[in-house]
Every structure is written in structure tokens, then in C-alpha cells.
């Protein structure tokens, strides 16, 4: 089988590529240049597409004895991931850029090019498993990335491989060391790759500019002014610009955002719970949509809590009724569905949260 191994320069993708070589496949390594800034440098465990990352990926490819190329996807990454990220925050939403990158870049643009060039599969270092064409959680639950892959279609998954999904992270590092790969102890990447400073609010402010509005409570009392709704997300407690707690002595949280009026609403923690969600643009990883209401497990953050819910597809929207409330649910988040069984590791599908109610 002809395999294109996506190599970021990190330990996970390096071991994934090595395993595909060991399996006897015809492997070619490729590094995706996603930054429009020439010579971008890594800042500790933050940043992406740095000169160090390219060099590390190339050295691993040399050790493995496979061809290696750098493909420039910077313009498409800017349009499909960064610009969408900024636009979503300007609308008062809370998107996950890793979800968008997987859906639009790694398993769309990259996969399409790979198939056009005659490759059968794109292998990545994601912590997830494929079994019988079904996407499942990784063995290492602490590193599981099935959440950010749940937007992939059955067709996309047919041409994907996740060689390290059955392995614990510490075992991956140990294997890299045994293979003599210099990335064995390289720090994991954290945060949003295109915001190496880690300051999302500053990044968004630079992109969007100042759009002043008010922070108000449930009674409509103005508590503070702000420079843009992009600096807030539902569930946020710090950085609200409010002095002191609420009149009941309890902390205040962002409970809702109205981008049209530039209003940020705050309230008690009790105001954060929601029981009903509506998701748009649903994707079902196994291909077929569920027939009628189905009980499953839902998750709204990459490593967040889960909850049992009854889900039903009505038209082109996903209606979700939670058995227990979830807190801090925001528009724009990815809602992922898992099969309700003892393992709870099979992904059924996903949608983008369009609205929610208590």
C-alpha cells in the first residue's frame, strides 16, 4: 500500500510513520507548511511549522529511509482555519481550530492531493483508532483525539490511518527512543498552533479591532464596558472587567453573548446549565444517520465531561435532549456523539452547536 505520512516534526507523527514503514508499506513523508510567516520559530511547546519542526521531520525521514517533502498549504490554512476562527469569534461563537484543520486541511485538501498522486492512505500521529471503518477513542484516554476527528466522513476515514491509536503516550516516546529518533523527548504542542504567544484575546483583537459593547447582568444592568465580544466565551469567569462578585456574593460567569448588539451577559454558575442543544451541519462518521431518536453520549470539548442524551435528526439539524445539564455550552463548539455502551469509545458523528436552552 502506498502511504503518505503527515510528519509534523513531533514524536507522535514520527512513530506513526515508522510503524507504517515497519508494516511494509511504500511510505513517503510530507510536512505541511501552514504558516504564512517565513522562518516561523517555535516558542517552547507552542507554535507550528517552525524551521525546527521541518528539520526534525526531515531528520526522522532520513532515519526511516523514506522520501520527504514539504507541501505549502499556508494560504488554504489561512482561509479555511484562521479566517474562519476569527470570523466565528466575531459572531460570538467559540470554535475549535483543530477540528477545522482536520476537516478542511489534513483530511480534505491533503487527502485529496494524496489520492490524486496515487497514495492509498494518509497516516497521521493522532491518538484515535479505526476498527471496521468505525472511529473509536484511543487506548490512551488522556491523549484521545477522536473528538477533533469526529467531523470526518466515512469516505475520509476510508483513506486514513492512525498507527499509534492503540498505544500509550509514554510507550510512543519509549519506542521513539529505541528507534534512535531525536524527537523522542520533544515537548508536546499545546494551545492553538497559530497563536504561539498563547494570548488568544490579543490575537483576535489584532485581527478584529475594537468593537465596544457592554457587560450586563440578567436584569440588564450595565456592569462594565468591553472592547469586543471576541474576548469572551460562555463559562468564562476571569477577565470580565467587573469589580467584585455578584450581589449574592457568588462569582459571575459569562452566560451568553449577543454579537449583534455587542452585549456580554453574565450570571451565576447555576445559569450556565443547559438541557437542550441544536446542532447544524451534522456529520455521521459511519455514513448513515440514525433512524429516529437514539440515546448516546455527547461531549462538547476535546477533553471535557460527557453526558447521556437523546439525539434526533430532524431535517438537517440535530436535536439533543440532555439527561443531565451541561455547563458552559457555547455556540460554535463541536458536539460529538459516542455510542452508549460499556466501552463508550465509538464515535457516531458530530455537529456544530447552533443554539441551546435551559
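Glycine is no exception: its Cβ is also placed from the backbone N, Cα and C atoms.
What Swiss-Prot lists as ATP binding site is 6, 7, 8, 9, 10, 11, 12, 13, 32, 125, and the listing cites sequence analysis. DSSP assigns residue 32 (ATP binding site) to a strand.
In the shown protein chains, 24 other C-beta atoms lie within 10 A of the C-beta of residue 101 (active site, nucleophile). The active site, nucleophile annotation in Swiss-Prot covers 101 and rests on sequence analysis.
The disulfide bond annotation in Swiss-Prot covers 101-193 and is backed by sequence analysis. DSSP assigns residue 193 (disulfide bond) to coil, not to a helix or a strand.
Applying an 8 A CB threshold to same-chain residues 6+ apart, the list for residue 126 (site 'Interaction with tRNA') reads 12, 145, 148, 149, 162, 164, 165. The annotation site 'Interaction with tRNA' is assigned in Swiss-Prot to 126 (among others).
Under the heading active site, cysteine persulfide intermediate, Swiss-Prot lists 193, citing sequence analysis as support.
Sequence annotations record features per position, and here Swiss-Prot assigns site 'Interaction with tRNA' to 333 (among others) based on sequence analysis. Taking a C-beta cut-off of under 8 Å and a sequence gap of six or more, residue 333 (site 'Interaction with tRNA') has these contacts in its own chain: 93, 94, 95, 96, 300, 301, 352, 353. Reduced to three states, the DSSP call for residue 333 (site 'Interaction with tRNA') is coil.
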Handout entry: Fewest-neighbour residue among recorded positions, criterion Cβ within 10 Å, set 6, 32, 193
Key = 193
Handout entry: Three-state secondary structure, which DSSP defines for residue 12 (ATP binding site)
Key = helix
Practice task
Enter the number of other CB atoms within 10 angstroms of the CB of residue 8 (ATP binding site).
Solution key: 23
Completion exercise
Excluding its own, the Cβ atoms lying within 10 Å of the Cβ of residue 12 (ATP binding site) add up to 27
Handout entry: Count of other CB atoms lying within 10 Å of the CB belonging to residue 10 (ATP binding site)
Key = 21
Problem - Distance [Cα-Cα, Å, rounded] between residue 193 (disulfide bond) and residue 101 (active site, nucleophile) - result: 11
